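For reference, the structure discussed in these notes is given below.
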């Protein structure tokens, strides 16, 4: 059997990077020649987690079709979020916790999606189902993913299953979940030294809502003024991006991880409509989103419905 | 929580009908108000299985949107094989063993597909994962599904997992798998008293291969001449169907369940191209398919690739 590549989405976050490493490890234990790879730069939060548990970042790849004929997707399924060349290779498995869209295969496959807060929570079950022990450092990666995706269990995407898995994994990893979790989130949320270009690429995902080609990006911040102080510059940059990519909407969400609120910078021809989807009017390109922290559960469904 | 409907594909076969009954039972045990329903007539094979294990056929429904707001799909995912009104309801779960195509949700869901021969084999795992006992009559339904989908373990879609699940379930159901299995297959494969219209609707599924709108139908026969003796009439009927539904291809497969071979009656503007996909030329609207018994594994991928 030739090598199978395991990877998450573009603009990788902690769940995507660690789930690729973790699932490649599990497949290796089951006798599969699997290698974790990544599709973009590793962010500061993920770097903190990798360093803490003694891992290197997976290898960066460009076009997957040059590298393998079979691949496993973790933490995503939509074509536009996946690797370049994805339509030329065979997807043999998907482990994910997002909606399903823009995904099609010609053959049956193993597809495991569950409506939980984090891919790692599903991987925790798959280890058990296969009777494979989770080593301490792997458990640390999985815990990091859960903390990241659920904002330390505070996101509305967080389920009882995520909380349970987080507890189990923290014990296996030998860390205090609150202390470690907050340190990791803060490592990723210090935006003061980031250029706006950096912020744009941190966690931006493409969506098509009806006919509206969009990017919904999200950054976590300890102090959202690190971003909002540079709003005018940011709006110019978003408009440039819209022009270059033929978009109708750029929805840029800044999430306050200490207070669990968000503010969005919204531009494009569909900006007014997007604000209206949340019952708001655009105020100087800004929309206030109190209590909103989850792109997947609180933003994408609202835009899907309205546009 | 309002009622959740559980159903398989149109033109239901044994796996689709029994998996709806079985998964609805499991969900009920887990406290969900679930009801199995069906989208079409129950065939003779399925009737035999239902009667053997003491079940009534599920209720027939027309448009699902009139009945419920949440649904669970078993044994299929493609929109055109699913219930009328499917785009107006929320799909909360899918348990399937087919390729994924023409399927999209706006929210995360539980999606469990595995590349095994039968939905019941996956259900057997899900019972275990939830620590729910499988009663004898439910085991009988699940065994019937496996026998049907794998042609008594002889189809190339049959995996070691299907064989294992079949053994476990036969024991729980208290039947001899070979004796019961052959009797059930024969009950479904006596085509001598069937009208051609009946045959056409027994197990016909719509596919779109590239731009080619198609129906691929399959019937099992003990004696394929029960069908082929009426070939000219059948060709007229297929052509009529093509015209009425704007199809480019009707690929009608007659499978000899004793010898595990098939012959296809192929009509439509894409008929020559479809025959060529199998390295054959159309011979009087017929294509000989030695060793072919699986639509999913031996027919659909070949047509997907070629067209």
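The backbone N, Cα and C atoms fix where each Cβ goes, and this holds for glycine too.
TrEMBL names B:9, B:13 for binding Mn(2+) 1. Of B:75, B:84, the residue it gives for the same site is B:75.
Among the candidates B:15, B:223, B:226, B:232, the one that TrEMBL lists alongside B:75, B:97, B:149 as binding Mn(2+) 2 is B:15. It is B:75 that, of the binding-site residues B:13, B:75, has its Cβ surrounded by the most other Cβ atoms within 10 Å. Using a 10 angstroms CA-CA radius around residue B:75 (Mn(2+) 1 binding site), the binding-site residues that qualify from B:15, B:97, B:149 are B:15, B:97. Contacting chain A by the Cβ rule (under 8 Å between Cβ atoms), the binding-site residues B:9, B:13, B:15, B:75, B:97, B:149 reduce to B:97. Around the Cβ of residue B:15 (Mn(2+) 2 binding site), a 10 Å sphere holds 31 further Cβ atoms from the protein chains shown.
Taking the Cβ of residue B:97 (Mn(2+) 2 binding site) as centre and 10 Å as the limit, one finds 28 other Cβ atoms among all the protein chains shown. In terms of DSSP helix, strand and coil, the domain 'DHHA2' (B:181-307) has 54 helix, 36 strand, 37 coil.
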